[in-house]
Amino acid sequence: MAKKQIRVGVLALQGSFREHLSHLSKLFEELAKSEDYSEYEFKDVAVRTAKDLEGLSGIIICGGESTTMSILLQRKHLLNPLRQLIREDHLPAWGTCCGLILLSNRVTNNTSLKLGDLKYEVIGGLDATVDRNSFGRQIDSFTETIDLSGATGEEIHDFNCVFIRAPVISGLGNARSLAKIKRNDTELIVAVRNDTVLGTSFHPELVDGDYRFHKWFIDEFVLT
């Protein structure tokens, strides 16, 4: 019997798409050896054009710079196709850092509303409000170990979360919080989900050799 094709895309216009593709490639090598996934054939796909969206089972919107990404999405004619797939067709989607911003319906702390002949546009689909650059500049980047097992239902007790000019979720519509950290005695939401859309302030793709969060996205969002 033919195996079910599972194609997971990574938006590859700018930012940390290579790291996401590398994580997926190595994860898929592991899953191919497991009897639990014997009915599937996995493939990671670099998404640069609208044609690359065809046949996807899920997509990751990677970290980067959200203003630049917004411009590129519009110039590459990818914004509206992604909106259709994620918001209307409910394609499973995961945004990390910049990707979280682009998937959120509402963005605050945004000074880039007018971009030459374009305006700042997001993909949307995640019913939440996100604040850009909530932890300061690049030099204020940090890592923090978070127990994600309760949120994910998986054995992810000690995940090393990397925050780089990261946003935080400041408001929840129909989305629900998955993880928080405490900074200056304030609890901040750094992971959130809304139906088929997942968002994280941190960068799981930058944690070398740890594919647990990517596996959870595949199990919980793509294969269900």
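Placement of Cβ uses the backbone N, Cα and C atoms for every residue, glycine included.
Annotated features, as they stand in TrEMBL:
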type	residues	note
BINDING	GLY64, GLU65, SER66, ARG132, ILE164, ARG165	L-glutamine binding site
ACT_SITE	CYS97	active site, nucleophile
ACT_SITE	HIS203	active site, charge relay system
ACT_SITE	GLU205	active site, charge relay system
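This view paints the features noted in TrEMBL onto the structure.
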residue	record	CB count, 10 Å
GLY64	L-glutamine binding site	21
GLU65	L-glutamine binding site	16
SER66	L-glutamine binding site	29
CYS97	active site, nucleophile	28
ARG132	L-glutamine binding site	20
ILE164	L-glutamine binding site	19
ARG165	L-glutamine binding site	19
HIS203	active site, charge relay system	25
GLU205	active site, charge relay system	27
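If you check the active-site residues CYS97, HIS203, GLU205 against GLU65 (L-glutamine binding site), the ones with a Cα inside 10 Å of its Cα are CYS97.
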